[in-house]
Amino acid sequence: MAFSLFGKRDKSDQQPDQPTAVASEPQEPKRGLFDRMKQAVTRTRESFSESISSVIALTREVDETTLVNLEPLLLAADLGAPTTALVMENLRRRALRVGIQGGDDLKRLLRAELKQVLDSVARPITHPATPPEVIMMVGVNGTGKTTTTGKLAAYFTAQGRTVLLCAADTFRAAAIEQLEVWAQRSDVQIIKTKQGGDPSAALYDACAAAKARNTQVLIVDTAGRLHTKTDLMKELDKMRRTAEKLVPGAPHQTLLVMDATTGQNGLTQARLFTEAAHVTGIVLTKLDGTAKGGIVLAIATELKLPVVYAGIGEKLEDIIPFDSGSFIDSLLD
Ligand SMILES: Nc1nc2c(ncn2[C@@H]2O[C@H](COP(=O)(O)OP(=O)(O)O)[C@@H](O)[C@H]2O)c(=O)[nH]1
Ligand SMILES: [Mg+2]
């Protein structure tokens, strides 16, 4: 049975577009960001959008069979079971209420439902009245913390903000050197200690330096850790307290860096991490390297946290502020 039989489409029932996730940062032109997002999610779009098109092409009218066929596509794009169930339930409810006449209608409603999932966790970005703003990068090994720290330094500098980096991954000498290379690339200063040193001591020095120099943003690169390593999680707590002592309200942002290619496994890990580390937002890296970009939606429903930035490659400029509208349009176009 086609849904167009259940109800007439009422234009006034359409949801207006919600505000997008990132509103208050100085932006490069929207079009440029959209093109970069589109490029980054090419692999996801190719599998997701094409399979949706083939489901729609099978039928003239959208009916229950169409919806049943849509479900595995959402799962395949890595939306995860809870998010897929939520989106399908909302689509069915809307189909009954307003009718879905054809493929274009279905796509439009799907777009609205997916965007709603992301916008429900969007938070406006605010900067503290008194600098520095302290941003801590946390997460497991290899997700892209150091790379993202380096990219963000360049990104904020391009916005005209002054930046200081803190090498608080004192585990490996290579980690400190790696961050130094990034600091040189974006021409910002770095505060470090020797390998094996106390990360909180490095952070103390960095906070003091940022205050003395009136630096606007202090980005802290930390060592990779698992939420199960109690000592390392305590070390994060100590770092937070150290920052707070010197800079009221710090850390202002704690960004969990997640690797998009690890999919649902990364999500399970992230859930436990966010609880322990007071995470305020997600940086999703390697979006360029996966066909499962739907993980962004799973993050929203399951972690209740917004993706704030997306890593879209290995170079300095390969970071974009995450925008829900561009992301969903990029997937469905
Ligand atoms: N393709 C791609 N590679 C990335 C991205 N972010 C980080 N990487 C790579 O991931 C690897 C680990 O990054 P690193 O910053 O050292 O991770 P960390 O251990 O969390 O500090 C490096 O080879 C990076 O070049 C991204 O957005 N896209
Ligand atoms: Mg690192």
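Placed from the backbone N, Cα and C atoms, the Cβ positions cover glycine too.
What TrEMBL records for 139-146, 221-225, 285-288 is GTP binding site. For LYS145 (GTP binding site), applying a Cβ distance below 8 Å and a minimum sequence separation of six or more within one chain yields MET137, VAL138, GLY139, ASP169, ASP221, THR222, GLY224, VAL257. Secondary structure at LYS145 (GTP binding site), taken from DSSP and collapsed to helix, strand or coil, is helix.
Sequence-remote contacts of a segment are chain residues at least 6 beyond its ends whose Cβ falls under 8 Å from one of its Cβ atoms, and for the domain 'SRP54-type proteins GTP-binding' (306-319) they are 21-22, 36-37, 39-40, 118, 121-123, 125, 144, 147-148, 150-152, 154-155, 182, 185-186, 253, 255, 281-288, 296, 299-300, 327. If you look up TrEMBL, you'll see 306-319 marked as domain 'SRP54-type proteins GTP-binding'.
Summarising the annotation, TrEMBL assigns region 'Disordered' to 1-32.
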Assigned conformation of THR222 (GTP binding site) - DSSP reduced to three states: strand
Helix, strand and coil totals (DSSP H, G, I; E, B; other) for the domain 'SRP54-type proteins GTP-binding' (306-319): 0 helix, 6 strand, 8 coil
Per-residue Cβ crowding (10 Å cut-off), top of binding-site residues GLY139, GLY142: GLY139
Of GLY139, GLY142, LYS145, THR222, ARG225, binding-site residues neighbouring ligand 2, Cβ under 6 A: LYS145
